[in-house]
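**Student:** Take this structure, written in structure tokens, and hold onto it; I'll ask about it next.
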Amino acid sequence: MDIEAYFERIGYNNPVYTLDLATLTEVLQHQMRTIPFENLNMHCGEAMDLGLEATFDQIVRKKRGGWCLQVNHLLYWALTQMGFETTMLGGYVYIVPVSKYSSEMIHLLVQVTISDRNYIVDAAYGGSYQMWEPVELASGKDQPQVPAIFRLTEENETWYLDQIRREQHVPNQEFVNSDLLEKNTYRKIYSFTLQPRTIEDFEYANTYLQISPVSVFVNTSFCSLQTSEGVCCLIGSTIARRKFSYKENVDLVEFKNVSEEEIEDVLKTAFGVSLERKFVPKNGNLSFSI
């Protein structure tokens, strides 16, 4: 595995860099705009592999994406290779339909320490929940970013990441009440502790999320990529685009259903993804939102 190949994959062309917040932010933004957050393997009859070598091959060499256990694992490796002080952490995702956090640790995220300050770095939550900048590990501090305001709160050594969102305009009235549309302006995202983790700690989650009938990844196919203006998602056979702040304090959210014949072209043009096997889009009862 070669860090230069990773830099080429994300379009990062700075041969001389400083291990500071500006560099960390730049790497995060390059990765999130070139590497999709996706689970397409599962809907092409393939497994989501946890190993770093397999992840590097899929994302860097084959120019695919992956889910958090792959995409953030790659980011953790790259930042460590660059010389950043990194710690792998595990998160518990907030499940909106049941109004509670997952009982299992199913999200991988990264902590980076710079000049005695700690930051949460996450390139693989996807949709409009994706941070565009590292979030400083400071309890109760509102941290405005392009997608939304992010807020971390610490209670009894557990940290909670929340998001304060803008109003939104949906031109296609067919989707105003759709489950694909995030309707909360205050959104809980996930919780985590600062206990260091290894990739082996996620083996159960990697299996569970691929086989459980209540796993959103089993129920729904998705592909999400951040853009210069917002985010583009393919959820099942619906393409959704959110433009952040298209006017003051309002996001524009557009939806369009695409035919099976259009899917391959959408994946190539919107996400830069070419699949080796036949893809069967799926949007079940458990779905993602934008």
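Glycine too: its Cβ is placed from the backbone N, Cα and C atoms.
What you see is a predicted model, and the numbers here were worked out from it, not measured in a lab.
Pulled from Swiss-Prot, these are the listed features:
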- Cys68: active site, acyl-thioester intermediate (ACT_SITE)
- His107: active site (ACT_SITE)
- Asp122: active site (ACT_SITE)
- Ser103, Tyr208, Ser287: CoA binding site (BINDING)
- Ile106, His107: substrate binding site (BINDING)
- Met1: N-acetylmethionine (MOD_RES)
**Student:** Give me the non-local Cβ neighbours of Ser287 (CoA binding site): same chain, 6+ apart in sequence, Cβ-Cβ under 8 Å, ordered along the sequence.
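**Tutor:** Listed in sequence order, they are Asp179, Leu180, Val216, Asn219, Thr220, Ile235, Gly236.
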**Student:** What subset of the recorded positions Met1, Ser103, Tyr208 lies within 10 angstroms of Cys68 (active site, acyl-thioester intermediate) at the C-alpha level?
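**Tutor:** For Cys68 (active site, acyl-thioester intermediate), the recorded positions whose Cα atoms are within 10 Å come to none.
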**Student:** Using C-alpha atoms only, work out the spacing between Asp122 (active site) and Tyr208 (CoA binding site) and round it to an integer in Å.
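**Tutor:** Taking the Cα atoms only, Asp122 (active site) lies 21 Å from Tyr208 (CoA binding site).
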**Student:** Might you list, by sequence position, any residue in that chain lying six or more from Met1 (N-acetylmethionine) with a Cβ less than 8 Å away from its Cβ?
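**Tutor:** In sequence order, the residues whose Cβ lies under 8 Å from that of Met1 (N-acetylmethionine) (at least 6 apart) are Leu52, Glu53, Phe56, Val60, Trp77.
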**Student:** According to DSSP, folded down to helix, strand and coil, what is His107 (active site)?
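**Tutor:** SS state of His107 (active site) = strand.
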**Student:** Between His107 (active site) and Tyr208 (CoA binding site), find the distance joining the two CA atoms and give it rounded to the nearest Å.
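**Tutor:** It is 12 Å, counting Cα to Cα.
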**Student:** Including all protein chains displayed, how many Cβ atoms other than that of Asp122 (active site) lie within 10 Å of its Cβ?
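**Tutor:** So the number of other Cβ atoms within 10 Å of Asp122 (active site) is 27.
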**Student:** Tell me the Cα distance separating Ile106 (substrate binding site) from Tyr208 (CoA binding site), rounded to the nearest angstrom.
**Tutor:** 9
**Student:** My understanding is the cutoff is Cβ-Cβ under 8 Å with a sequence separation of 6 or more in the same chain; which residues meet that for Ile106 (substrate binding site)?
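**Tutor:** For Ile106 (substrate binding site), the qualifying residues are Gly91, Tyr92, Val93, Ala205, Tyr208, Leu209.
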